[in-house]
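Read the structure below first, then the notes.
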Amino acid sequence: MGRYWAVIPAAGVGRRMGGGDRPKQYRLLLGRPVIGWALERLLGHPKVAGAVVALAADDPHWDALGLDRQVAGKPVHRVEGGAERRDSVRAALAYLGGIANPEDRVLVHDAVRPCLSAAELDRLIDEGGAAVDGALLATPVRDTLKRADGDCVGATVSREGLWQAQTPQLFPLRRLSAALDAALAAGVAVTDEAQAVEWHDGQPRLVTGEAGNLKITHQADLDLAAAVLTAQRAATEREQTA
């Protein structure tokens, strides 16, 4: 089994967040930028060798963070991202092609998911590390789903068998590269890496995630993430003193 590399697509602007003078991955969360939390959660794992972060060409915020060299004693490499998530991930994979081994695997993670727990990452690597088509964290859909008809309910949708995809999403480096390249060549627009592998005749494995692994999309999510991180820190302190 090869090494694991973190890939963080972070070239987006995140306009839905509203307010502030910076993209949501650079907003402060408990005194630190959101992307800093995301990197630390991945690079703190002993099996993760380093990270590649894909940034906008004119990103004015990254250099001020001082993350270009190391996080948790591991290298952080920077590449220029693209207009879409898939373009940024492909750029990061191309960079890894020059420094990684053919059997290495990648953990593609949203820059705005700062609350990934060590237990989740362990579970993803343990259950999905050997999967030929990769694996992803996901949670079963719990709420009743409605399909809209204008501003009214058009139908109730069965949630049986439905899961909500999260990140990280874990794949063999070569498998994901081939899937993304093929999707691009065919003009298929994919919204996450698992969809590219699905389209490329694969079946990524679902690994149960946690509700706390939330994605920062709106201002209220920052407050919720702060509560999750505070609770995680308290739990760790209790374990250390037990």
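Note that Cβ sites are derived from N, Cα and C of the backbone, with glycine treated the same way.
Given the structure is predicted, the values throughout are model-derived calculations rather than measurements.
Listed in Swiss-Prot for this protein:
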type	residues	note
SITE	R16	site 'Transition state stabilizer'
SITE	K24	site 'Transition state stabilizer'
SITE	R159	site 'Positions MEP for the nucleophilic attack'
SITE	K215	site 'Positions MEP for the nucleophilic attack'
Item to check | Candidate with the highest Cβ count within 10 Å, taken from the recorded sites K24, R159, K215 | outcome: K24
Next on the checklist: In whole Å, how far does the CA atom of K215 (site 'Positions MEP for the nucleophilic attack') lie from that of K24 (site 'Transition state stabilizer')?
Outcome noted: 10
Checklist entry - From the Cα of K24 (site 'Transition state stabilizer') across to the Cα of R159 (site 'Positions MEP for the nucleophilic attack'), what is the distance in angstrom? => result 30
